[in-house]
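As given in Swiss-Prot:
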| type | residues | note |
| --- | --- | --- |
| MOD_RES | LYS5 | N6,N6,N6-trimethyllysine |
| BINDING | ASN114, THR164, LYS168, ARG286, HIS318, SER370 | substrate binding site |
| ACT_SITE | LYS166 | active site, proton acceptor |
| BINDING | LYS192, ASP194, GLU195 | Mg(2+) binding site |
| MOD_RES | LYS192 | N6-carboxylysine |
| ACT_SITE | HIS285 | active site, proton acceptor |
Amino acid sequence: SVGFKAGVKDYRLTYYTPDYETKDTDILAAFRVTPQPGVPPEEAGAAVAAESSTGTWTTVWTDGLTSLDRYKGRCYHIEAVVGEENQFIAYVAYPLDLFEEGSVTNMFTSIVGNVFGFKALRALRLEDLRIPPAYSKTFQGPPHGIQVERDKLNKYGRPLLGCTIKPKLGLSAKNYGRAVYECLRGGLDFTKDDENVNSQPFMRWRDRFLFCAEAIYKAQAETGEIKGHYLNATAGTCEEMIKRAIFARELGVPIVMHDYLTGGFTANTSLAHYCRDNGLLLHIHRAMHAVIDRQKNHGMHFRVLAKALRMSGGDHIHAGTVVGKLEGEREMTLGFVDLLRDDFIEKDRSRGIFFTQDWVSMPGVIPVASGGIHVWHMPALTEIFGDDSVLQFGGGTLGHPWGNAPGAVANRVALEACVQARNEGRDLAQEGNEIIREACKWSPELA
């Protein structure tokens, strides 16, 4: 007599369990599934659960040596997507023990590592993840978080202002440092290395770090405010990255930066640990995110990447603008902005939030609005993002006809005007342009 029947078997027999009650410790995922024609949604959903946990395409005799009931992912609910034919949201619950503690890398390898090339699916998108406290507590999270950052910078009650130094490639270190100084001197809080500035022949990283540090100290001395420049520590190896972070710390600068998707979560988590241990703030740029999150029916939504970053660690992360040159729908953006900053976020499907997320006491991340924004967007940005944000104007500062410093002045004046107007109870959405025009009377740079 044979122990079990060989051959291909339906996943839904084992992995589709509509009556499963999810546990508080389960990691829950919401997938947008587009099955191939002829594949029933239950089978597609079960296939996702199986291939991203314990399953394979047939029964193997070693299945008898483990408890599938304890370790299998389960597709516990399927709903049709309104307005799309043949698209479904499949909800999958993963037992906590499938994941290594404190490793975003392993979490993604398990949940999205294998299943996206699956034949029975035409397309697959991970829309949201519910991270249980039992798992999130195994992560350090952001090196410092919003409150500690405000205390370090001594800046309260307003958004922070930044600017990416352009042209992003081709400046010498000395001219680069000069641009940094002018922007900070004019009134910005931060300037930023572009994400592609690492250590190229025209400007090696050490030279850039030195000139930028000089610019920071000079601007601090002249303005009496704490200034920062996001020194991009991203490098070809983790060791080199940490070496750059150490050099930044020795120069006494407040903040470094990392491209977390191109650099990878393992490198990012290492850097975040270094930053907490050594009092550096960590700015995160999301270069490469659109490769993963741009397609509506395949890939991963950015809110998942944002949650992962909060666990891996970063104090700032780019989060779209809602108003500038890059796409991003307002409600969705606000949804993951809350996921980055708040402690407890209610499920809210209208904002794309599929699960109630409780971060317990993990520090928050400051969202950075950046990309094609300028002073006329300031009222909208102040209203949408609130105080705990960084507003970054690249061309919006350096494009000023009088130069960088006046561009910085214009931005700072506009910001202060908006914050003051808001605190006086005026409606930024309605009177935004009027507020900016009034401010122009006091500031020739803005006019």
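Using the three backbone atoms N, Cα and C, a Cβ is placed for every residue, glycine included.
Projection of Swiss-Prot feature records onto the structure.
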residue : record                       : DSSP class
ASN114  : substrate binding site       : coil
THR164  : substrate binding site       : strand
LYS192  : Mg(2+) binding site          : strand
HIS285  : active site, proton acceptor : strand
HIS318  : substrate binding site       : strand
SER370  : substrate binding site       : strand
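Counted within 10 Å of its Cβ, the other Cβ atoms near GLU195 (Mg(2+) binding site) come to 21, all protein chains included. Note: LYS192 (Mg(2+) binding site) has non-local neighbours GLY162, CYS163, THR164, ILE165, HIS229, TYR230, MET257, HIS283, GLN392, i.e. same-chain residues 6+ apart with C-beta under 8 A of its own C-beta. Rounded to a whole number, the C-alpha distance linking ASP194 (Mg(2+) binding site) with SER370 (substrate binding site) is 12 angstrom. Note on the binding-site residues ASN114, SER370: the fewest other CB atoms within 10 A surround the CB of ASN114. The two recorded residues HIS318 (substrate binding site) and LYS166 (active site, proton acceptor) have their Cα atoms spaced 17 Å from each other. Annotated pair LYS168 (substrate binding site) and GLU195 (Mg(2+) binding site), C-alpha to C-alpha distance, rounded: 9 Å.
Separation of the C-alpha atoms of HIS285 (active site, proton acceptor) and GLU195 (Mg(2+) binding site): 7 Å, rounded to the nearest whole number. ASN114 (substrate binding site) sits 39 Å from LYS166 (active site, proton acceptor), taking the C-alpha atoms as the reference points. Using a 10 Å radius centred on the Cβ of LYS166 (active site, proton acceptor) and all shown protein chains, the other Cβ atoms total 16. By a simple count of nearby Cβ atoms, those within 10 Å, the most crowded of the recorded positions LYS168, HIS285, ARG286, HIS318 is HIS285.
Here LYS166 (active site, proton acceptor) is positioned 18 angstrom away from ARG286 (substrate binding site), judged by their C-alpha atoms. In this structure the C-alpha atoms belonging to LYS166 (active site, proton acceptor) and GLU195 (Mg(2+) binding site) are separated by 11 Å. The two recorded residues GLU195 (Mg(2+) binding site) and SER370 (substrate binding site) have their Cα atoms spaced 12 Å from each other.
Listed in sequence order, the residues THR164, ILE165, LYS168, ASP193, ASN196, VAL197, TYR230, ASN232, MET257, HIS285 complete the 8 Å Cβ shell around the Mg(2+) site centroid, once LYS192, ASP194, GLU195 themselves are left out.
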